[in-house]
Structures are given as structure tokens and as C-alpha cells.
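Encoded as C-alpha cells, the structure appears first; notes follow it.
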Amino acid sequence: MGIKFLEVIKPFCAVLPEIQKPERKIQFREKVLWTAITLFIFLVCCQIPLFGIMSSDSADPFYWMRVILASNRGTLMELGISPIVTSGLIMQLLAGAKIIEVGDTPKDRALFNGAQKLFGMIITIGQAIVYVMTGMYGDPSDMGAGICLLIIIQLFVAGLIVLLLDELLQKGYGLGSGISLFIATNICETIVWKAFSPTTVNTGRGTEFEGAIIALFHLLATRTDKVRALREAFYRQNLPNLMNLLATVFVFGVVIYFQGFRVDLPIKSARYRGQYNTYPIKLFYTSNIPIILQSALVSNLYVISQMLSTRFSGNFLVNLLGTWSDTSSGGPARAYPVGGLCYYFSPPESFGSVLDDPIHAAIYICFMLGSCAFFSKTWIEVSGSSAKDVAKQLKEQQMVMRGHRETSMVHELNRYIPTAAAFGGLCIGGLSVMADFLGAIGSGTGILLAVTIIYQYFEIFVKEQSEMGSMGALLF
């Protein structure tokens, strides 16, 4: 059934726009250039407002997810990477449940990736229609059918651009992937902005600067009681404070420390005697994939809940999914869940909130740990990184595990890889929860994604430099 399903959508995949694989080896300088161009296009799209919208000043239902999904409200990047990640989530779940089967051949992998791209485009159109029809840009009846269609087309074209930019980097023209690049850029931009923002906000305490560090100097300069000013800079409410900034730095350090945890399996050449090496299995075996997929799941739950609560407010089943409230304290107007599944799947706002509602905190912790472990373990089956796939790669390189026959390699690898994937996903979820409870800037999930992505780029940079030989020796 699985192969039949992929064969059915094969004709549609053939007409999709595609980036051709490079016919030659792309030099490191060219990769840096293409990566910079990709990032520039993304940042430009983040600043171009959607044409035809009447208003985007209403409470933002996806405020908490925008940093993670690299989206910017009221611009071409309204949807961000959400369609790509959602399509990946759907295809992974279908493959993990064996509803569709992905073979080991390059043809089957290419067909699977094509199906993922097709779903990405369909989801882009679907999300664009939902955003317009739920009144995020104004009442659809007031805007008219023509303007509504124009906004949907703009969002679809922008979504297609994101898909192609991601594919451009994935095919080897640039460094890393578009998804990782866009997420890391968005999160780092948020952290820097909340640390140094010169924007002033009117609070009950008077006019204050949004940026935590600028607020520190402003409070020390304007307040006569310096101790109280210092305390306010560290613990002020509803705006970024120095404790949030210190928590962010602390989480950065903890995640980088855990990145070094790994088990080295001894391997040897089956062809040349005396040639030994190691195969590393990292603690974060699936890297940040679990948290990206978990974010996609929650964001789509938010979309569905918001759409239903707008149309069917007061319905019991709709309220069971999520009830929402608006707030504008300490920043732009935003909607946040106050009941239902969406509430329990959202992080507590602070450590004080944990003490006020421990049941919420307990359910959130269980959800984060369970979903990250599940996504991590199922991802290895569809990404070519399971024990069977690793054994096949080692066999192709004529390498075997020391002390084991070639036929028993899969069994031995199965002792480590699924465990590393599940436990690594569990740790990723745990670190995200810890960062949320500490009040790190950009949410625990966002910080975790930023650190793992930056570390990935560091590893890519080291690898590229080492391949350049003498240049690598000079730099490292």
C-alpha cells in the first residue's frame, strides 16, 4: 500500500519546481555566498508587508510560536517554515505508522521528499486560507473576494520561496538547511533585540526601555535608590529582565556541554588489517528534529483551536480543545490559551506560574518529554539513520564493528541507536522545559533550537575547513 501511495502522487511530484543537484563540487566560499543570499532573501521577505490587509493589530494567536517557526506577522513570512515542518511531521507519522513505506533506494527517497514538498505546498494554501477567513487581516466580507484571493496568493508564493530556499541549501549549494538557518536567525535576532532594544514601553511603573541591558543603565541613571533600581532591572515583570538574560546564557552553556556527550563504537576495516576507527553515537542523535516536529504539532493545534474558537465560541468540544484570552502587557497584543488542551500543552509563563498551577506544569512536562522521545525514535526510521541504515553504510565502506561479525552488526547497533534516539529526545524535551521554567528569552524550545543549530554550523565549518587542508590547519 505504501509504495502504491507514493506511486499515485508521482505524476504530481514531476511537475513541482525543483532545484537541480550541483554537477560539480561547490567550493566553501560559494557555499557561504549562497547561504548569505538565501538568508538575505528570507530577511527581505520578513520586512515586506502583505498587500491588501486591512489590519494586523488584533491579538496575535501565534505570538508564542513565531520565534520558533521563523514567521513575522503581517509580512510575506507570515507562515514562516510552518508548512515545511508540518508536511515533514505528517510524512514522518505516516511512515512511522507504516501507512506508507519508504524503501532504501535513492528513487524511493526522492519520491518521499517529493511527496513531502507536495504536502508542503498544499498546507501552505490551506494555512493561507485559514488565516484570511478567520479574520487575521480584517473581516473577509469587508475586504472582498479579490483582496482575500490576492493575500492567499502572496502567502502561497512566499511559502514556495521558502521551500525552494530550503531545497537550495539541502542540495549542497549552501551550508546546513534553510529551516535551521531561518530558525537560528530569528531566535538570535529576538535575543539581541530583547537585550538591547531601545523601544520604550509605558508600564504602571512609568516609561521603560524594552531591552534588558539598556533598561539596567536607564534605571541606574534615573533612580535615586540604586539598590531598588538594580533589583527592578533583574526582576521586573512583563518585560525582559537581566534574570531572563542570565537564564538564556546558562541554557546556552548547558546545551553546548551536553553536545559533547557520545558513545564511540570501535570499528575496523574488513579489507585492510590494522586500520581502526570509531563510529560516534551522540546523545542528541537526532539533533533538534524532535523539538522542531513538536513545535509544528503545537502550532497546528493552536491554528485549529483559534479557527474553531473564532467561529464556534462557547461550544463544549471547541472549549475542550482550547479557550483563549487577549493581553497586551509588556509588548504587542497577543492571544494566549487559558484553558483546554492548548493551555496544558503551552509552557507556564514563569516559575511562579508552576507553583500556582502544578497540574498544568506536570502535564506540560509529560507532554514535552513524551512527544520529543517519540518523534526522535520514529524519525530515525524515515531519515536513513536507523541501526539497519548505519550497518548498511558501514558495510558499503567495508567497515565492521570490532569483536562482531558483519551479520550481527545490526543487532549490536540496535542496542545503542534506538536508545540514544529516545533518550536524546527525552533530554531535549527536559532542557526545553528547564529553559521555560527559568524564563529564558525566546522560550525554552527556541533557545534549544538556536544552540543546536549554531553548534551544527560550527561542526560544518570545521569539517569544510579540514577538507581545505592547509587553510584548516591555519584556522584550527
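Using N, Cα and C of the backbone, Cβ positions are placed for all residues, glycine too.
Among residues of the same chain six or more beyond the topological domain 'Cytoplasmic' (2-33), those with a C-beta under 8 A of the stretch's C-beta atoms are 95, 98-103, 108, 111-112, 114-115, 117-118, 121, 160, 164, 167-168, 171-175, 464-465, 467-468. Taken from Swiss-Prot, the feature topological domain 'Cytoplasmic' covers 2-33 (among others).
The transmembrane segment annotation in Swiss-Prot covers 34-53 (among others).
The topological domain 'Lumenal' annotation in Swiss-Prot covers 54-76 (among others).
Among residues of the same chain six or more beyond the transmembrane segment (77-96), those with a C-beta under 8 A of the stretch's C-beta atoms are 2, 42, 45-46, 50, 66, 69-71, 102, 112, 115-117, 119-124, 127-128, 131, 155, 158-159, 162-163, 166, 178-179, 182-183, 186, 292-293, 295-297, 299-300, 375, 378-379, 381-382. Residues or ranges marked as transmembrane segment by Swiss-Prot: 77-96 (among others).
Here Swiss-Prot flags 97-117 (among others) as topological domain 'Cytoplasmic', drawing on sequence analysis. Packing against the topological domain 'Cytoplasmic' (97-117) from elsewhere in the chain are residues 1-3, 5-7, 9-10, 13, 16, 87-88, 91, 163, 167, 382, 384, 389, 392: each is 6 or more residues past its ends and has a CB under 8 Å from a CB in it.
Within its own chain, the transmembrane segment (118-138) has Cβ neighbours under 8 Å at 9, 12-13, 16, 50, 52-56, 58, 61, 74, 78-79, 82-84, 86-87, 90-91, 148, 151-152, 155-156, 159-160, 163, 303, 306-307, 310-311, counting only residues six or more beyond its boundaries. Residues annotated as transmembrane segment in Swiss-Prot, with sequence analysis given as evidence: 118-138 (among others).
Positions annotated as topological domain 'Lumenal' by Swiss-Prot: 139-144 (among others). Confidence in the topological domain 'Lumenal' (139-144), given as mean pLDDT, stands at 84.
Positions annotated as transmembrane segment by Swiss-Prot, on the basis of sequence analysis: 145-165 (among others). Sequence-distant contacts of the transmembrane segment (145-165) (same chain, at least 6 residues past either end, Cβ-Cβ under 8 Å): 17, 19, 38, 41-42, 45, 50-53, 76-81, 83-84, 117, 120-121, 124-125, 127-129, 131-133, 137, 178, 182.
Annotation source Swiss-Prot lists topological domain 'Cytoplasmic' at 166-172 (among others).
Taken from Swiss-Prot, the feature transmembrane segment applies to 173-193 (among others), supported by sequence analysis.
If you look up Swiss-Prot, you'll see 194-240 (among others) marked as topological domain 'Lumenal'.
Within the chain carrying the transmembrane segment (241-261), a Cβ under 8 angstroms from the stretch's Cβ atoms is held by residues 191, 194-195, 212-213, 215-216, 233-235, 282-284, 427, 431, 434-435, 438-442, 444, 447-448, 451-452, 455, all 6 or more beyond its ends. Summarising the annotation, Swiss-Prot assigns transmembrane segment to 241-261 (among others) and lists sequence analysis as the type of evidence.
Under the heading topological domain 'Cytoplasmic', Swiss-Prot lists 262-288 (among others), citing sequence analysis as support. Outside the topological domain 'Cytoplasmic' (262-288) by six or more residues, the chain places 180, 375-376, 379-380, 383, 385, 390, 394, 398-403, 406, 413, 416-417, 420-421, 423-425, 427-428, 448-449, 452-453, 456 with a CB less than 8 A from a CB of the stretch.
Same-chain residues lying 6 or more positions outside the transmembrane segment (289-309) and placing a CB less than 8 Å from one of its CB atoms are 61-62, 65, 68-69, 82, 85-86, 88-89, 92, 127, 130, 134, 179, 183, 315, 318-319, 321-324, 335, 337, 340-342, 345-346, 368, 371-373, 375-376, 379, 383, 424-425, 428-429, 432, 445, 448-449. If you look up Swiss-Prot, you'll see 289-309 (among others) marked as transmembrane segment, on the strength of sequence analysis.
The topological domain 'Lumenal' feature in Swiss-Prot is assigned to 310-354 (among others). Tertiary neighbourhood of the topological domain 'Lumenal' (310-354): same-chain residues 57-61, 63-64, 134-135, 201, 203, 210, 237-239, 298, 301-302, 304, 360-361, 363-364, 367, 433, 436-439, 443-444, selected by CB-CB distance under 8 Å and a gap of 6+ residues from either end.
According to Swiss-Prot, the transmembrane segment annotation covers 355-375 (among others).
Of the ranges 355-375, 421-441, 446-462, the one with the most Cβ pairs under 8 Å to the transmembrane segment (173-193) is 446-462. Remote same-chain partners of the topological domain 'Lumenal' (139-144), defined as residues 6 or more beyond its termini with a Cβ less than 8 Å from a stretch Cβ, comprise 52, 54, 132-133, 151.
The list of residues near the topological domain 'Lumenal' (442-445) in space but at least 6 beyond its ends in sequence, with Cβ under 8 angstroms from a Cβ of it, reads 64, 67-68, 187, 190-191, 194, 248, 251, 291, 294-295, 347, 431-436. Sequence-distant contacts of the transmembrane segment (446-462), counting only residues of its own chain at least 6 positions beyond either end whose CB sits under 8 Å from a CB of the stretch, comprise 67-68, 175-176, 180-181, 183-184, 187-188, 190-191, 248, 251-252, 255-256, 259, 284, 287-288, 291-292, 428, 431-432, 435, 440, 472, 476. Residue counts for the topological domain 'Cytoplasmic' (166-172) under DSSP, helix first, then strand, then coil, are 7 helix, 0 strand, 0 coil.
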